[in-house]
Amino acid sequence: MSGDVNTPSDTTRDRTSGQFGRSQSTAPGPKHILRTIIGRELRTIVRTRTFFILALAFAAVVLGISSVSGSVQGGYVPTLVDLLTPLELLVPVVAIAFGYRAILGDAERGELDVLKTYPVSSREIVAGVYVGRAIGLLIAIVAPLVVTVLLVFVAEEEGRTLYASHSGVDSPILFGRFIVLTILFALTVLAIAIAISAVVSGTRSAIALSVVALVVLLVGFDLALVYGFSAGSIGDGSLVYALALSPLSAYRGLVFESAIIVASGTGPAAASPIASLVSLVVWTATSLGIATWVLNR
């Protein structure tokens, strides 16, 4: 939806009517509606300068860290280690920015009311918005990481041509895992942002709730886990499962388990991979479910 672009209400309604305005007997099917909403989201992203600036800034930081730190000369694993902490901060910020007004903007202009006069469900609206925004978000996040892989490949020493995913071997496969996990983390935070955009009633409240969500995601959960562990509420055996409760900790733990520890060959368990993956899926599904429920009210 065009939640981030200020267009006249009449133009929005005309465009919506042009896309959905059919007689009941020739009503578009769910797949057509979903494709239409996704296309609208992609056009919104292309037209919105803020998203372009965010993508450029993200790429500049990722490529700058990789180049300035010299990690690209060290290999794939040293590079992902250098990028992990910055991405823990940047990915949530970019994902929230992509989604916090996605549904709110349409509600403010009455476009949601127009859509509800056609055979489109709240679930289809949320799914279309989410998928459209996700495509734009992933292009912004994945493209710099792929370029980083190419930089590492070019900068590698001539003799390092053996790639494997077993212990002690630096490998592009490990960096590929890092990219996949970063995608999962970004999609989870985007779903939270979509829920925020559905719950709030205005831009100020959307910004305020987004800031709160970022603080909780980046700091709050980790502080709660540290306090619980230091107070004895969380034991040594249950710590890896407790870490899965936080999307950020789940992401960090999965990166350590599937890439960093694998490369080093040693190290204590940093996470429960299954629990962490389940946590990301639950956070995503619950957030999208909340957005759908709010639109159904």
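Glycine is treated like the rest: Cβ placed from N, Cα and C.
Per TrEMBL, these features apply:
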- 1-28: region 'Disordered' (REGION)
- 1-10: compositional bias 'Polar residues' (COMPBIAS)
- 17-27: compositional bias 'Polar residues' (COMPBIAS)
- 50-72: transmembrane segment (TRANSMEM)
- 84-104: transmembrane segment (TRANSMEM)
- 125-154: transmembrane segment (TRANSMEM)
- 174-200: transmembrane segment (TRANSMEM)
- 207-227: transmembrane segment (TRANSMEM)
- 274-295: transmembrane segment (TRANSMEM)
Q | Positions whose Cβ lies under 8 angstroms from the transmembrane segment (207-227), at least six residues beyond its ends | A | 88-89, 92-93, 96, 100, 189, 192-193, 196, 199-200, 234, 239, 242-243, 245-249
Q) Per the definition of 3+ C-beta pairs under 8 A with sequence separation of 6 or more, do the transmembrane segment (274-295) and the transmembrane segment (125-154) touch? A) yes
**Q.** Per Cβ pairs under 8 Å, the stretch of 50-72, 84-104, 125-154 packing most closely against the transmembrane segment (174-200)
**A.** 84-104
